[in-house]
């Protein structure tokens, strides 16, 4: 009796025009077409890395509800049009680009000044229209990311000193526009109960359908690899090993009050459940700056006090907190 599962032997990629393609894989054992097709589709739509504008500064504009003299669209519509520009960054994770245009006519994505390692996929995309004597001067920050990130959820390390006029955008990083799949019947010799997986993939051009399917498969393999590494009895799978006893430097077990920080800094730390020096040194500068009412001045004070004791932020402590430590 045959016990080995069939694996796909034929993989065909048929371009459908634009940035669309049909990917066909066969044969699969019955049921595997839906199992893998659904998993790949979900990963493609949710987990692909892409690029999107995340911040914009427009000369003469203080907020997104403003208008710009000589520009047909208001700022909200300019931002919506800007989200339609497809960027691709090579060997970098973020970049700030400049767009300057004067005179009557459309403002297109091709008017954005780009360095050699930044590519605009749809240069004819219209961002705005200028009237006679109109002028548009803006800076656009483009970042690498994954999924959809609302502007209201994005935090910045320099938020306490955020400049007036910087508009934060909702960012849709996903380069996938549409993914669908169907499962058809396949045949191998005398077997007719097999699956053929047919996927139609459409991207925005920042990534090809072939690259997208490879990247999604790689993500699935990496996520599932941990299950292939399970060893030992069934009991060992579900029982976590007992943590090894670890001795910490006594200074890490002291309360943050002993650092003699200002009342403002000490209260900010306690509000974040940071009671011990060991709790504090595991936080990064970025994490501390997100603490309400704790600004750059307080952060510098904390860093100086820690440095005087030979400590720094961003440390890693295994098995922290130790057993019996009162978390108050």
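Note that Cβ sites are derived from N, Cα and C of the backbone, with glycine treated the same way.
The average pLDDT computed for the region 'Alpha N-terminal domain (alpha-NTD)' (1-231) is 90. What Swiss-Prot lists as region 'Alpha N-terminal domain (alpha-NTD)' is 1-231.
The annotation region 'Alpha C-terminal domain (alpha-CTD)' is assigned in Swiss-Prot to 248-328.
In terms of DSSP secondary structure, the region 'Alpha C-terminal domain (alpha-CTD)' (248-328) contains 39 helix, 2 strand, 40 coil.
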